[in-house]
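Chemist: Structure below; questions to follow.
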């Protein structure tokens, strides 16, 4: 799509559409420069013929009318020009209507008399006609220009395909010319594909030769002995070649033989499941069952043995323990069937990338979302974009869309600089096959040239590229420093045009094609992937739905421009670390056996810049390496918001393809007259089959009628009501864009190549307008689902409810890497946002507890989704349970009665099975004990702070409509590595864990002092209370570490133990102080005379 390097801005609702030049003085140019005239009836553009002349409906006054309006006026209107009132004459290619003059020509009979109109009711044909009419594709004498056949061509096809084909449009040298069967072009066969269909050159078409009924069919090549002998020779040749490949091997020259069969390696599956070894998984399952038994015995004991002198504390503890058990069951059983997967990239290449032929890999549209360049540095976004543009994938199959939801000129200028640097960076990456392909992280790697014996050419070019990147960083940082101070009149572009996005909350939609249009290539002259900047329209009074709304805008605009069948979405700080990541995903998506049922491929999140201790569990390894593997064995992992490759059709809200079940065994054990046992089942099966048949026919008819009525002028339908209803349903689901609706029918993706630039841009601006989603299913059933700040969980949940399955892919080299907030306050706020989204889902109609029954969601998968939305509720029992030890120490009460031998054995068994379960999980999941322990610690820290605040904030937001925000204030920091880790930011989220820490420390001090005062007998009951209090303090230790500051100061453990020991020794000193008189001590008179 060639925009001549100009920014496209406009608003569909306000009928604004302008091109802002980047290199001329006159900056605002009308859209008429790129298109023909505008139809004065519907406002669309008139058709442009092959020779560049516009479509003219009236030869008297040339009043601008498009072809669909002309045909509608002739068939339904008064058949006259609206301006001069002259009767319209029939134009070649249009059907004849009553009152037309007689014609002598015979070259347009099919269109004149509308022959084979029923064949044109094929939905795929109509989708092509929609795009052809809407996007001004030429319908002249060269149909191969656009790649879509015109109605006349399809009419001819519908007549000709009634005769069997043998030679498929090519003459064979082995058959004489008089014995050839009827030869017609291959495009005439009706298939499922809409775009792009192979269309022959009109100059090479061969007219059908009539068959003489007096001759035998064998004369024409049907069923002759010569034909059978030729087929036998071909099969024999294929078998010989197959045996050579199988037994003797092959060399590279044999690939040139067109008769060589497909290699066995290319026919094999592109991936396979790797189940966990039985030596690891079977003990794990056994321990889970044993843990259930121990839990049952534990609750039996706890409920039947209340503590009468502390009944309230006992009751609270039992309620909390029951909730912990339910939460554990919801979290545990989705891990029952964990699996791993392995991909075969070489088989993918053998199947879809054959030597000497264009690549058959599917196209991928990549979405990068950003909002505020001050919080999301443009240099980070630029590195993400550069890693996408240099990915190891065919360049014509990749398109990168950057969504700037803040309409920041800084982001726009940064993308302009990035596109220029990409012309140097992309060929360098592909020439030397470097990893990673994000320059910031690539040049941060330390390379020992001498030890690795690096080629001097690579060293020279690497150093030159590093200098280029340093200059690129200087330009980006210069833009950032310049953007710190916004001019009073707003930003102005280089030509003096005001930046359309100066008002962030009120601006038109903007589209800029930086790479991918004609003439822009890399420094070596090679083609580059597309890079497109998109900023959707925003107006006051509209709900724009934050990130989910931005992603849905990208889905629609990409469908107009590139329409790839697969989509990859990444956050602006998640770069592609493995250049073969897209190929890894295609091993699942393009697998001919199981690929059609996969809605998305989720990759794990890996992070850079985290300290080796990972104090706040930023890596989240337990979730990504244990929980997600377990879900992959059921129906697939949940969607986590980034690093995910989607199937576009799944995002459109379609159901997954249904597998046909094999026929059941028939009852043939009894004679036919004895059919009482199976009559009822046969009748039921016959009834269900007839219902299915009626349902399928109804759906097909409904789809055909809906497609026929997407735009006026395609077909004349007698029943006006039946034609209007399906059209409204399509527009209600996808919005009022016929071009976008037609694109949703193309399962293999693609857009017509002959579409005019102005038509594409106009539709693209239309679909990103702020009011486009009104009265449609966007955000409800289509695209990213609205209703929660964690739109990722909700979107994946809806797809699984439609019967799709997802796949979890863990390449050896991490596919994506990103950055994570490593200081305590930022981490707590990140967890707060996630928990708030779960609370919103829990209180919505999409809650997995009651939504989606009777659909394709599996029970264990539902367990996982329930666990993902109810976990914030655990914050209240957790807060109570962490407070109970301190209360018990301060009051001298306890939640457990005097422990017997049976109770001691029960408690010990429970702790043992909990520990063994965790150890076995770490074993099959490949997780270290350090990561597991950090996850346990932050579960307590986040549970009593972020989850608790999210629960109350969600209740206020959903039930009372009150939005509350928690501010983060920076108090200071240090320079150096991991300086952000030691940056202290005060926030109200820090209050609950700090309070718990203090009261438990005080409780420990009071308990020990009380035991010292009361003597030896009080130490026994004290140990139980101390155990739980120390359990709380140990789990809150990373929180205390974050509060204390940097490591080169006094160690935190010394501070804690100093306070604890000082208090204990002070109390001991008060206990044994000899200067204090004690009532129970007998004093004697001293015998010495001091006087």
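Easy rule for this one: first residue shown is 1, then count along the chain.
Just so you know, glycine gets a Cβ as well, placed from its N, Cα and C.
Pulled these features from TrEMBL for this protein:
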| type | residues | note |
| --- | --- | --- |
| DOMAIN | 39-85 | domain 'RING-type' |
| TRANSMEM | 284-304 | transmembrane segment |
| TRANSMEM | 311-330 | transmembrane segment |
| BINDING | 369, 375, 376, 405, 546 | UDP-alpha-D-glucose binding site |
| ACT_SITE | 405 | active site |
| BINDING | 547, 571 | Mn(2+) binding site |
| ACT_SITE | 792 | active site |
| TRANSMEM | 869-890 | transmembrane segment |
| TRANSMEM | 902-920 | transmembrane segment |
| TRANSMEM | 940-962 | transmembrane segment |
| TRANSMEM | 983-1008 | transmembrane segment |
| TRANSMEM | 1020-1040 | transmembrane segment |
| TRANSMEM | 1052-1070 | transmembrane segment |
Chemist: As a test: from 284-304, 311-330, 940-962, 983-1008, 1020-1040, pick the stretch that has the greatest number of Cβ pairs under 8 Å with the transmembrane segment (902-920).
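Modeler: So the stretch in question is 284-304.
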Chemist: Measure from the CA atom of residue 792 (active site) to the CA atom of residue 546 (UDP-alpha-D-glucose binding site) and give the result in Å, rounded to a whole number.
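Modeler: Cα of residue 546 (UDP-alpha-D-glucose binding site) to Cα of residue 792 (active site) measures 13 Å after rounding.
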Chemist: Taking helix as H, G and I and strand as E and B in DSSP, count the residues of the domain 'RING-type' (39-85) in helix, strand and coil.
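Modeler: Each residue of the domain 'RING-type' (39-85) counted once, the result is 9 helix, 4 strand, 34 coil.
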Chemist: Using all protein chains in view, find how many other C-beta atoms are within 10 Å of the C-beta of residue 571 (Mn(2+) binding site).
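Modeler: For residue 571 (Mn(2+) binding site), the 10 Å Cβ neighbour count is 22.
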Chemist: Counting CB pairs under 8 Å, which listed stretch among 284-304, 869-890, 940-962, 983-1008, 1020-1040 touches the transmembrane segment (311-330) the most?
Modeler: 869-890
Chemist: Measuring Cα to Cα, how many Å separate residue 405 (UDP-alpha-D-glucose binding site) from residue 547 (Mn(2+) binding site)?
Modeler: 8
Chemist: Within 10 Å of each Cβ, count the other Cβ atoms, then let me know which of the binding-site residues 375, 546, 547 comes out lowest.
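Modeler: Least crowded of the binding-site residues 375, 546, 547, by Cβ count within 10 Å, is 375.
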Chemist: Return only the integer: C-alpha distance in Å from residue 792 (active site) to residue 369 (UDP-alpha-D-glucose binding site).
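Modeler: Taking the Cα atoms only, residue 792 (active site) lies 14 Å from residue 369 (UDP-alpha-D-glucose binding site).
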Chemist: Would you kindly check 284-304, 869-890, 983-1008, 1020-1040 and say which stretch has the most C-beta pairs under 8 angstroms to the transmembrane segment (940-962)?
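Modeler: The stretch with the most contacts is 869-890.
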Chemist: For the domain 'RING-type' (39-85), report the average pLDDT of the model, please.
Modeler: 78
Chemist: Can you tell me the CA-to-CA distance separating residue 375 (UDP-alpha-D-glucose binding site) and residue 571 (Mn(2+) binding site), as a whole number of Å?
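Modeler: The separation of the Cα atoms works out to 13 Å.
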Chemist: Which whole-number value in Å describes the distance between the Cα atoms of residue 376 (UDP-alpha-D-glucose binding site) and residue 571 (Mn(2+) binding site)?
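Modeler: Residue 571 (Mn(2+) binding site) has its Cα 10 Å from the Cα of residue 376 (UDP-alpha-D-glucose binding site).
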Chemist: Of all the Cα pairs drawn from 369, 375, 376, 405, 546, the residues the record ties to UDP-alpha-D-glucose, which distance is largest, in Å?
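Modeler: Answer in Å: the longest Cα-Cα distance is 16.
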Chemist: Around the recorded UDP-alpha-D-glucose site, report the further residues of that chain (criterion: Cβ within 8 Å of the mean position of the Cβ atoms of 369, 375, 376, 405, 546; site residues excluded), sequence-ordered.
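Modeler: What remains near the Cβ centre is 370, 371, 372, 406, 547, 550, 572.
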Chemist: Report, in whole Å, the straight Cα-to-Cα distance of residue 571 (Mn(2+) binding site) from residue 369 (UDP-alpha-D-glucose binding site).
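Modeler: Between the alpha carbons of residue 369 (UDP-alpha-D-glucose binding site) and residue 571 (Mn(2+) binding site) there are 6 Å.
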